[in-house]
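Annotated features, as they stand in TrEMBL:
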ACT_SITE  B:HIS248  active site, tele-phosphohistidine intermediate
BINDING   B:THR17, B:GLY18, B:GLY19, B:GLU20, B:LYS43, B:ILE97, B:THR98, B:GLU99  CoA binding site
BINDING   B:TYR160  substrate binding site
DOMAIN    B:4-101  domain 'CoA-binding'
Amino acid sequence: MRLHEYQAKQVFADAGIPTPASQLAETVDEAVDAAEEIGYPVAIKAQVHVGGRGKAGGIKLVESKEEAREAAEDIIGMDLKGYHVSTVLVEEAVDFVNELYVGVTMDRNEGRPVAMVSTKGGVNIEEVAEEDPDAIAREHIDPAFGMHPFQARKVVYEAGVDRAVANDVASVLTTLYQLWDDRDGADTEINPLMITSDDEVIAADAVMNIDGDALFRQPEIAEMGEEAAEGDELEQKADEYGFDYVRLDGNVGIIGNGAGLVMTTLDLVDYYGGEPANFLDVGGGAKADRIANALDMVFSDENVDSVVFNIFGGITRGDEVANGINQALEQFDEIPKPVTVRLAGTNAEEGMEILNEDLVTVEHTLEDAVQRAVEYAKEVEA
Amino acid sequence: MSVLVDEDTRVVVQGITGGEGKFHTEQMLEYGTNVVAGAVPGKGGQEVAGVPVYDTVQGAAREEDANAAVVFVPPAFAGDACFEALDAKGIDLVVAITEGIPTQDMARVYRKLQETDTHLVGPNCPGVITPGVAKLGILPGNIFSEGNVGLVSRSGTLTYQVVDNLTNRGIGQSTAIGIGGDPIIGTDFIGALEQFEADPDTHAVVMCGEIGGEDEEEAARYIGEHMDTPVAGFIAGRTAPPGKRMGHAGAIVSGSGTGTAQSKITALEDNGVPVGDTPEEVADHVEDLL
């Protein structure tokens with residue numbers, strides 16, 4: 001779960017990391033007032049979870065009241081790579097001489113956290129990692145001990161940070177690791193960490209991704225996350241139902257159980273010449289109601305022309321799935337979109353007997369079911 | 001022969017008094033698994049499905065000679081349950097079924113694991129089955145058949161799909177290991193492949209991977225350098241867009257393009273592993289390899 005920049009900055013500031021003066025604004029007037037109060041130059045920054053915000057026009061540097069109004073009018077309400085901008089952060093523009101990158105993340109290959117520092121801050125760090133991996137100094141942390149003070153110093157000096165600010169940068173990194181550890185961070189990052197001509201160290205951006213599985217013990221963060229909740233209507237609906245759902249661009253709706261099998265179903269739709277409209281995993285042990293909800297959701301996606309159900313029952317029972325499908329379909333006078341069903345595993349035979357073949361097409365293998373659903377989608381298209 | 005699980009496996013179920021724990025204990029017993037004890041703090045002295053319950057895993061290991069633990073404990077307490085099983089003398093296999101354990105808890109468990117000789121499978125996995133002998137976890141026993149193909153997979157239902165394709169052709173399995181879909185897991189692909197390579201009765205292996213991380217790429221190099229047993233592969237998530245998590249916490253292609261299906265497929269093929277475009281094609285490859 002990702003916090004907005006302004007939320008992450010608040011968390012960082014509360015922990016003692018220096019951040020620029022800033023105010024949140026939801027209207028153009030609020031943004032202009034904030035800019036006047038902070039004093040120019042200020043940056044006006046869209047609060048959405050989009051990479052490359054600046055390039056996409058979501059961040060503007062302004063020098064006057066007129067410019068501030070113009071920028072706020074442009075940004076508030078804009079559509080940034082599919083996300084609606086409803087708030088901006090108005091922030092003091094820091095006059096810097098250097099930009100660093102400082103971050104803490106879980107290295108899944110090592111099964112341990114890693115602290116990272118680079119003097120190539122201010123740009124996409126993933127590109128730096130690919131093109132010039134040596135430009136990022138890394139130090140793995142033993143979770144049994146936490147980060148030793150020497151490790152913070154070591155990674156800062158190894159990165160080639162100027163001696164005049166090294167202690168302050170190490171101190172920021174130490175705090176960042178502490179936050180990562182205390183708040184169940186997945187990634188915590190400052191990019192850029194700005195160095196001013198007076199050797200001051202200021203966090204000009206803030207990223208805080210929290211492990212969604214740990215929210216039960218991070219109530220404050222979970223509350224912020226609700227404010228930060230984004231995504232289109234269907235994605236929010238999926239959240240309510242507790243489905244793992246990802247919306248895609250195609251027209252074949254896909255419902256299945258288990259992440260690996262649902263991904264495989266998507267891949268097969270593509271393999272047989274169709275285009276997946278979504279990933280929807282109903283999870284293990286889904287009962288009839290849940291199946292009906294899943295079908296309702298995929299039906300309500302206007303891009304969907306055909307739906308394929310692929311259920312391999314372990315703890316999920318075929319008869320429950322069949323009852324759910326019937327329940328969802330019997331409410332329609334006319335089935336809105338053709339549904340193809342493939343059931344295997346626990347109680348699959350019972351399930352196939354229950355299914356009403358006037359309402360759905362039953363196939364017996366994964367490959368046949370996917371091909372049938374792709375054909376239906378093409379027929380509707382044509 | 002088989003790997004990890006055999007006739008001598010004596011199971012203690014952690015969380016046996018919960019709904020999932022009880023149901024799957026019954027299923028495991030019905031399959032013929034030697035479930036000898038349960039472990040739930042405060043519930044010692046009770047019985048579930050005819051199995052005696054102890055307050056601690058150590059108590060179950062001492063009194064009932066349990067040598068394997070299966071974890072059905074809720075996510076908030078499952079990290080600690082893994083620690084308890086890793087700490088217990090006599091337990092040499094831990095299978096963690098629980099989904100949704102905080103990653104930082106698993107990082108600590110993983111650290112502890114490095115200090116022991118115990119095998120940990122999971123978490124967020126369907127478990128381990130040696131067909132006809134025993135199953136530890138939630139896999140549906142009826143789709144498996146006895147044979148000599150080993151199977152290792154990150155995903156539960158995808159495992160069932162591939163096993164179904166094999167069983168329908170009369171190709172049985174020696175052992176199937178679901179290693180789990182989380183970012184940090186105990187036994188990884190290489191750990192499972194090492195087991196199969198050392199088992200004379202496993203004549204071929206199927207490896208089902210998915211997007212995210214670099215485990216499949218590392219496993220591909222291991223296969224190329226160290227394995228005589230032939231391996232066939234499958235990779236799920238070819239159509240997954242970058243930055244979107246596909247259900248499993250570990251199944252995500254990062255923005256810089258690492259962890260893609262293509263990089264995994266290429267790595268496998270470069271090391272002599274045929275990769276199927278469909279589960280049915282994987283079964284074709286296995287037939288050729290045998």
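From the backbone N, Cα and C atoms, a Cβ is placed for every residue, glycine too.
TrEMBL annotations: computationally assigned, not manually curated.
Source: prediction; values computed, not measured.
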Which of these binding-site residues has the least crowded Cβ, counting other Cβ atoms within 10 Å: B:GLY18, B:GLY19?
B:GLY19
Binding-site residues satisfying Cβ distance under 8 Å to any chain A Cβ, from B:THR17, B:GLY18, B:ILE97, B:THR98, B:TYR160:
B:TYR160
Taking the Cβ of B:TYR160 (substrate binding site) as the centre, count every other Cβ atom within 10 Å, in any protein chain shown.
28
Measuring Cα to Cα, how many Å separate B:GLY18 (CoA binding site) from the residue listed as 'substrate binding site'?
25
What is the total of other Cβ atoms whose distance to the Cβ of B:THR98 (CoA binding site) is within 10 Å?
25
If you count CB neighbours within 10 Å, which one among the recorded positions B:LYS43, B:HIS248 has the smallest count?
B:LYS43
Residues B:THR17, B:GLY18, B:GLY19, B:GLU20, B:LYS43, B:ILE97, B:THR98, B:GLU99 binding CoA per the record - widest CA separation, whole Å:
23
Tally of residues which DSSP labels helix, strand or coil - the domain 'CoA-binding' (B:4-101):
34 helix, 23 strand, 41 coil
Write down the Cα-Cα distance for B:TYR160 (substrate binding site) and B:LYS43 (CoA binding site), rounded and given in Å.
34
